[in-house]
Structure formats: structure tokens, C-alpha cells
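Written out below as C-alpha cells is the structure these notes cover.
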Amino acid sequence: MCQTCGCGDRESSVNGDLKQINVVQEILHKNTQLAQQNRAYFKSKGVLVLNILSSPGSGKTALIERMLQCSQFRIGAIVGDLETDNDAKRLRSHGVPAVQITTGNICHLEADMIARASKKLNLDALDLLIIENVGNLVCPAAYDLGEDVRIVLLSVTEGEDKPLKYPTLFKTAQVAIVNKIDLAQAVEFNREQAIANIERIAPHATIFAVSAKTGQGMEDWYTYLEQKYRGIGNASFQVKRSSL
Amino acid sequence: MHEVAIMQNALDIALQQTRLAGGSQIHALKLRIGELSGVVPEALEFAFDVVVQGTIAADAHLEIDYIPVVCHCSNCDLDFQPANLVYECYQCDQISIDVVRGQELEIASLEVS
């Protein structure tokens with residue numbers, strides 16, 4: 001039987017009036033299918049898509065703001081929050097196309113929300129689409145949105161043991177960014193310990209230590225993004241831009 | 001607390017499958033939930049009681065098969081159950097990134113009439 005949607009032989013068995021149906025279907029298969037459609041669509045547009053996850057207040061919006069000011073990428077953003085469009089407004093004030101999704105009581109973004117929101121953006125004019133997920137280190141981990149790179153962001157004020165407390169999310173991320181590194185000394189943050197914790201929980205993840213506020217460490221992050229951008233089939237972001 | 005949304009998805013699939021099988025009542029629903037799925041079984045049970053109200057699954061029994069994480073060590077060519085959340089092979093201490101079980105979030109079976 002098909003492991004994805006349960007089609008094919010159903011192997012029903014009858015026991016009195018009761019019938020057993022062996023379903024074997026992924027509960028989130030609808031989301032997974034939509035995420036795959038999103039991924040194919042974004043790839044056809046040559047856009048690299050990032051999904052940024054963190055606790056509230058780790059500096060997701062500040063990180064995007066820094067990227068707008070200093071990186072060479074043309075960036076669009078989709079921002080998820082329970083209420084208000086403050087973050088999208090903040091990004092729009094930099095002249096960036098930003099769509100706000102207000103989820104109400106939903107603690108995560110889903111692939112269909114991204115499909116609808118991305119229709120409001122001109123992807124042909126973008127290199128990078130950044131999805132700022134709802135601030136939450138648990139629920140968003142279960143939902144593929146169709147991103148190319150999943151990033152977990154933690155700030156130095158949250159403590160070195162965050163990866164140990166929220167292992168599931170760290171294990172699903174390809175990149176971990178330690179933010180607010182300019183405050184490390186003030187809050188007695190042990191950088192080596194934090195990085196060692198990430199490496200033990202998520203040995204596959206690429207780790208960056210940055211300050212979105214001062215720009216410290218951002219160059220390495222941009223270099224990584226350029227490599228990823230070429231990896232989805234673009235020659236380089238400058239080439240795409242000059243061909244427009 | 002995304003368990004309510006997940007349980008609602010599971011119920012939608014169960015209702016559809018029951019209709020396809022010509023059933024009108026769901027008596028039991030069995031789920032397979034991996035340790036690394038990001039879902040708490042107790043919260044799922046709570047969500048189940050909420051979402052089934054007023055449906056043909058209102059009296060159904062929920063069974064959750066909780067699947068522990070199993071990793072593969074490429075060094076030793078060995079599947080192992082990690083002792084804690086650091087997926088260290090007990091033979092060679094290499095940390096595995098190859099999770100072979102424990103990410104399940106699926107419906108296994110239904111009992112309908």
C-alpha cells in the first residue's frame with residue numbers, strides 16, 4: 001500500500017459488524033503535498049526560500065532588517081504573528097515587499113498560508129523569500145512550508161542550553177544562528193558551550209554567530225546564502241539580476 | 001498547542017476513510033506518533049476528546065502507538081535506540097544524523113461499522 005496517502009489495497013478485515021481499515025496515512029500529508037507544490041513553484045521562479053524559527057524576541061525581524069540593509073539580495077518577506085502587522089510594517093518601512101499573516105490563535109504557519117501569501121508578492125523580482133514564522137520553538141517544527149533552508153535563531157539572552165530544551169526543532173533545522181552576540185559579555189553567555197550544545201543536538205547544522213544589530217558575523221551568513229542560491233539552479237544572484 | 005490542529009486533520013482523514021468504506025460509525029482510531037514528531041501524546045488525547053464531539057467518532061476509542069527514536073550509525077552499520085536526546089552510537093560514540101524511526105505522525109488504522 002502507498003505509504004503517503006493510503007491508496008491501494010486497504011486490507012480491510014471484517015470482524016462481526018466491525019470493519020478494520022488499515023489506513024497508514026501521514027496526518028499532515030495535505031500540508032506536505034502543498035509544501036512540495038510551494039517548493040516547486042519557488043524553484044521555478046529561482047527564489048531561495050528561508051523559514052526562520054525562534055522564540056519571540058530572538059531578533060527574527062532585526063536579522064531580516066540587517067539583511068535588507070547589507071546583503072546584495074533582493075528580499076521579500078512573509079511574516080507570521082498571532083496578531084498585529086507590526087513586523088510587516090517594520091520591514092515595509094525599508095521598502096521591502098512584506099506580507100503579514102495574522103494567525104489568530106494558531107501557533108504556527110502552514111503551507112497553504114504560504115501559498116496564498118506568496119501570490120501577493122512578485123517573485124520574479126526577488127532572489128530571496130524570507131518566511132518569519134510565528135515565535136514558537138515547538139509547533140512550527142512539524143510543518144514543512146516548502147522552504148529550501150530551515151533556520152533556528154537563538155539569542156544570547158536565552159541561555160546556552162536552549163538546544164537541549166527544544167531538541168526537536170534544532171534537529172529539523174539546517175542552520176542555527178546565535179544572535180545578539182554583541183551582548184554576550186554583558187549576559188555572561190558562554191559561546192563555546194552554546195555551540196557545543198547545538199553540535200551535539202544537531203551535528204548536521206551549519207552554525208553562525210552574529211549580531212543583527214551591529215552586523216558582526218553577517219558576512220559568513222551572506223556567503224552561505226549565496227552558495228545556497230546558486231545551489232537551486234541560479235548562476236549567481238548578480239547574473240539573475242543583470243539578465244532582468 | 002498544535003495538537004488540536006493535528007487531531008482535527010487526523011479526524012478529517014478518518015471521516016473520509018469511513019465514508020469510503022461505507023461506514024457510519026467510528027469505534028476506534030489508532031495513531032502512530034514518533035518521539036521526534038514534536039507532538040505530545042497527552043495533548044493529542046485531550047484534543048481528541050474535543051474534536052470528536054458531535055461527529056460519528058464521538059464514542060470512538062483513541063489508541064496511540066508511541067514510537068521511540070531509532071538511529072542508524074554509518075560507522076558500525078548498526079541501528080540503535082539513543083539513550084538521550086544526543087544521538088550517540090553506544091559502540092563508537094559517533095553522533096548519528098540518520099533517524100530511521102521516531103518521526104511518524106500518522107494514522108495506522110480505524111475500526112468502523
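Heads up, the Cβ atoms here are built off N, Cα and C, so glycines get one too.
Model, not experiment: these values are computed from the prediction.
As given in TrEMBL:
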BINDING   B:H2  Ni(2+) binding site
BINDING   B:C73, B:C76, B:C89, B:C92  Zn(2+) binding site
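Contacting chain A by the Cβ rule (under 8 Å between Cβ atoms), the binding-site residues B:H2, B:C73, B:C76, B:C89, B:C92 reduce to B:H2. Taking the Cα atom of each, B:C73 (Zn(2+) binding site) and the residue listed as 'Ni(2+) binding site' are about 32 angstrom apart.
The residue listed as 'Ni(2+) binding site' carries neither a helix nor a strand DSSP state and counts as coil.
Taking the centre of the Cβ atoms of B:C73, B:C76, B:C89, B:C92 as the Zn(2+) site, the nearby residues of that chain (Cβ within 8 Å, site residues left out) are B:S74, B:N75, B:L78, B:F80, B:Y90, B:Q91, B:D93, B:Q94, B:S96. Over all protein chains present, the Cβ of B:C89 (Zn(2+) binding site) has 18 other Cβ atoms lying within 10 Å. Taking Cβ-Cβ distances under 8 Å and a sequence gap of 6 or more within the same chain, the neighbours of B:H2 (Ni(2+) binding site) are B:G38, B:V39. Neighbours of B:C92 (Zn(2+) binding site), defined as other CB atoms within 10 A of its CB across all chains, total 11. Ranking the binding-site residues B:C73, B:C76 by other CB atoms within 10 A of the CB puts B:C76 at the bottom.
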